[in-house]
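Listed features, source Swiss-Prot:
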BINDING   Gly12, Cys13, Gly14, Lys15, Thr16, Thr17, Arg120  ATP binding site
BINDING   Thr16, Asp32  Mg(2+) binding site
BINDING   Asp34, Arg58, Gly79, Arg139  substrate binding site
REGION    112-126  region 'LID domain'
Amino acid sequence: MNQPIYLIGARGCGKTTTGEALARALAYGFADTDRWLREHTQMTVAEVVEKEGWPGFRARESEALQAVTAPATVVATGGGMVLRDENREFMRAHGVVIYLNVPVEVLAQRLEAFPEAGQRPTLTGKPVTEEIADVLAVRDALYRECAHHVIDAADAPAVIVSRIIDALQVAHAS
């Protein structure tokens, strides 16, 4: 198997950290759509949103997804990548989609411990835990609809990588 592997999930679920570790374990390349966007626009996510609005950012996010997709590549996507139908369809058609599922409380702890100042504007203006709960209430169904595999990602990256590899091997064997 050398299809791209797309990691989806909420902000703070570990897509980049887990993605880098998974890419090393599989000897795959690694790409991050947010990083690609920053490098190609020379703006942070917050700056893109301020300048172009959320619709402009979402369009650029779709462009990034298509640009980084390549065989034998792990792709960490932005948390809102699943909001556009075409992105969900593209990922499912071109690779294996893994939803890194993490409870709201764990996401809140991670985001409070490692704030991404200037990286990602608040979506609702609410406190972190409340915002995450609101966002997941909308997006969880989209993550699940898009994913080939749902992985419990509340543990250390090495444990999560092991779970993903197990899921990929089981799927490949069947």
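Yeah, the Cβs are placed from backbone N, Cα and C, and that goes for glycine too.
Reduced to three states, the DSSP call for Asp32 (Mg(2+) binding site) is strand.
Spacing of Gly12 (ATP binding site) relative to Arg58 (substrate binding site) is 19 Å (Cα to Cα, whole number).
Residue pair Lys15 (ATP binding site) / Asp32 (Mg(2+) binding site) shows a Cα separation of 9 Å. Of all the binding-site residues in the record (Asp32, Asp34, Arg58, Gly79, Arg139), the one with the smallest CA separation from Thr17 (ATP binding site) is Asp32. Spanning the listed substrate site, residues Asp34, Arg58, Gly79, Arg139 have a farthest Cα to Cα distance of 18 Å. Compared over the binding-site residues Lys15, Arg58, Arg139, the count of CB atoms lying within 10 A of a residue's CB peaks at Lys15. Between Cys13 (ATP binding site) and Arg139 (substrate binding site), the C-alpha separation comes to 13 Å. For Arg139 (substrate binding site), the nearest of the binding-site residues by C-alpha distance turns out to be Gly14; the candidates were Gly14, Thr16, Asp32.
Regional average pLDDT for the region 'LID domain' (112-126) in the model is 59. Separating the Cα atoms of Asp32 (Mg(2+) binding site) and Gly79 (substrate binding site) is a whole-number distance of 11 Å.
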